Amino acid sequence: MNFNAQVGADGRAHRSVSKKPKRVSDVNAIGSTIPYQQMTSQIPTNQYMAGDPNNLYGQPQYAPPQYPMDQQQTNFYIPPGVPQQPQPGSGPRQPGQQPQSLPGMGGGQFAMFQQPIVQDMAMQYGQKLADQGKEIVHSHIEKYLPMSKLKYYFSVDNSYVVNKLKIIFFPFLQKDWGMKYDHDNPVQPRYDINAPDMYIPSMSYITYVVLAGIALGMQNRFSSEQLGIQASSALAYSIFEIVIYMLTLYIGNISTSLSTLDLLALSGYKYAAIVVTVAGTILLKRMGYYLALFYSSAMLALFLLRTMKAKVLSGQDHQAHGAVGYDPYGQQQPQQHTDHNLGRKRYFLFLVTGLQPVLAWWLTLHLIVTDTLVPSA
């Protein structure tokens, strides 16, 4: 017996009332039409990951193709008609040739140093260090060798040199021996003929070495060693002379307006007399040597005596800044002590003027050219 739910008690089928389907404007109300994935405890497999450990069923995996580094190129759109330039490393590589690296790929740790900003900062920092080092070196040199003060003694011109040489060899023609000052500071030698300089002493020293070589050659005694001995011995005598003057001023407690550089310049004028003496012996042999030595030494002593008298015996020597034996307190001394100090100043003045002819004679004695030549060894 078959059972039918739509058949009534009388055996006739009931008539079902059909209804039109209801339209739903909201799609979300009827839910998603995409079927849900089956819930599983297994981690999904990534077919694009080579060597996936979750690939338990041996599914085929996608492996990207491997290309060598020298064959990988970046494709860009190049308009037609534009010539293509070969990229570094794109050509065939010879056996044993190392692959070329692209610009800017020299290593990650050095790539930042190729940036313009970093290079500018490094350049500025290096320039700053160089300027600081220059200032430190200049300060140390200025401490032991005052370059700014040396420039004063070389501030000369041609007119000064000619007139100064006239005063050295003809001091009796000079009437005014006073020095000019500008706000308690002496003016440059080019503006004051009585100011000491170092240009004439230095040039006279070089000329003396040259003439000494000529005189030695006339005696068949010239050699490079002898020429070096002449230059070094003359320089050593000059340094020794300055040391004697400084010790005399210190031991005798003599205060003058002469600085150390003034003493060096004034004592260097003896080389001008030495040049005349050596030139005399080259031209007139022994007689020319003694005539030139006597005249140049006498004129040099007179020149130094009149030049240093204003600086050594002057009563305004305490007002000179940086002078040897300078008294910073400027206290007045008793009359008796002043007389003794004046006497010591005179002794010092005679020491300087009298020592110059002696040194001129000692530095030229072995350079006398005689008529009979000494045979060479």
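Cβ coordinates come from backbone N, Cα and C, glycine included.
Where the annotation comes from TrEMBL, it is an automatic prediction and has not been curated.
Bear in mind that the values here come from a model prediction, so they are computed numbers and not experimental data.
The feature region 'Disordered' is assigned by TrEMBL to 1-25 (among others).
What TrEMBL records for 50-106 (among others) is region 'Disordered'.
What TrEMBL lists as compositional bias 'Low complexity' is 87-103.
Sequence annotations record features per position, and here TrEMBL assigns transmembrane segment to 198-217 (among others).
Under the heading transmembrane segment, TrEMBL lists 229-251 (among others).
Here the transmembrane segment (263-283) has Cβ contacts under 8 Å with residues 153, 165, 168-169, 196-198, 200-202, 204-205, 207-208, 211-212, 214-215, 218, 234, 238, 241-242, 245-246, 289, 291-293, 295-297, 299-300, 303-304, 307-308, 324, 352, 356-357, 359-360, 363-364, 367-369 of the same chain, all six or more residues outside its ends. TrEMBL lists 263-283 (among others) with the feature transmembrane segment.
Residues or ranges marked as transmembrane segment by TrEMBL: 289-305 (among others). The list of residues near the transmembrane segment (289-305) in space but at least 6 beyond its ends in sequence, with Cβ under 8 angstroms from a Cβ of it, reads 167-172, 266, 269-270, 272-274, 276-277, 279-281, 349, 352-354, 356-357, 360-361, 364, 368-369.
The transmembrane segment annotation in TrEMBL covers 347-369 (among others). A Cβ distance under 8 Å defines the sequence-distant neighbours of the transmembrane segment (347-369), meaning residues of its chain 6+ beyond its ends; these are 208, 212, 215-216, 218-219, 233-234, 237, 241, 244-245, 248-249, 252, 254, 256, 263, 266-267, 269-270, 273-274, 277-278, 281-282, 285-286, 289, 293, 296-298, 300-301, 304-305, 308-309, 312-313.
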